[in-house]
Amino acid sequence: MPCEGCMGRDNVSTDATMEFLLLGFSELRLRVLLFLIFLIVHLITLAGNMMIFMAVVTEPSRPPMLFFLCQLSAIELCYTLVIAPKALRSLIVVDGSTISFLGCAAQMHLFVALGGAECFLLAAMSYDRYVAICQPLRYAAVMSEGLCLRLALVCGLGAFMVALGLTAAVFRLPFCQSHRINHFFCDVPAVLHLACTQSYTPELPLLAACVLLLLLPFLLILASYVCIAVALLHITSSVGRGKAFSTCMSHLAITLLHYGCATFIYIRPKSSYSPARDKVVSLVYTNVTPLMYPLIYSLRNKEIRGILRKMLRRKKIAQVN
């Protein structure tokens, strides 16, 4: 049932001129201190992902895992640039910041598309680990450059299309006269909270998107690791088992980090929506987790460490010359 004060959605020009007010963190104290902390986190995140991206791109021979890692760093760079500026601005603006109807839709679409592409990419990386451990002799033939490129294309286009459908469904809803979004960016639950309806119908597109972007890749990752666990049980050498398992540790850590936060925010009914709690979790999800990714991979992946050392060595030689 529509609520009182709903805006009509028949006039297209109304949509183009309508604005939302992002309340951000106007209720918090010590916003300047938080701004400085998250600005440093944002700059370190950009530097870390850019370093990994450039290191892998400049490497002449790239195995599949490094190719996927390069794509993951590119997604994290775009992901951070879409969300972090608004989050930082919300920490210094007292009364919130405005965002246009189209700007809000574009931000939501990019956020969902990039997050979904990351989910699909994590599934592709788990398949790479499955082939490397369960079919080592066929690894080079199966994980060819052509297959890696096709997987990367499917990850990007699939997430783009699902995000487009979800964003279109959300912004076709009638919104109440209050356009105050109690968040620092146009997140799906926060915008759905403004919908003038008492039914669960508006949540169906979000549920479908969660199934496609979260549940489906998670099941693929789970299936890959079940096969990997079975293969590891057949390895008699504890050293060989530990070496095989260590190649999966960084991917497992990032998967648990990504899916833990995403599941907490999106897979739940609208009635349990809590703006204050969601903002804190989203702040960690959009600022801290992208920082952890390059740290995890640079510490756990010997190939990345080797490439970074070579890149720094080349830089020092260039400076000397």
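Glycine is no exception: its Cβ is also placed from the backbone N, Cα and C atoms.
Heads up, TrEMBL stuff is auto-annotated, nobody curated it.
Annotated features in TrEMBL:
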TRANSMEM  32-54  transmembrane segment
DOMAIN    48-297  domain 'G-protein coupled receptors family 1 profile'
TRANSMEM  108-127  transmembrane segment
TRANSMEM  147-171  transmembrane segment
TRANSMEM  206-233  transmembrane segment
TRANSMEM  245-268  transmembrane segment
TRANSMEM  280-299  transmembrane segment
Decide whether the stretches the transmembrane segment (280-299) and the transmembrane segment (108-127) have at least 3 CB pairs under 8 angstroms, with pairs required to be 6 or more apart in sequence. no
Under 8 Å for C-beta pairs, could you tell me which stretch among 32-54, 108-127, 147-171, 245-268 has the largest tally with the transmembrane segment (206-233)? 108-127
Restricting to the domain 'G-protein coupled receptors family 1 profile' (48-297), report the mean pLDDT as a whole number. 84
Segment-segment contact (the transmembrane segment (245-268); the transmembrane segment (32-54)) at 3 or more Cβ pairs under 8 Å: no
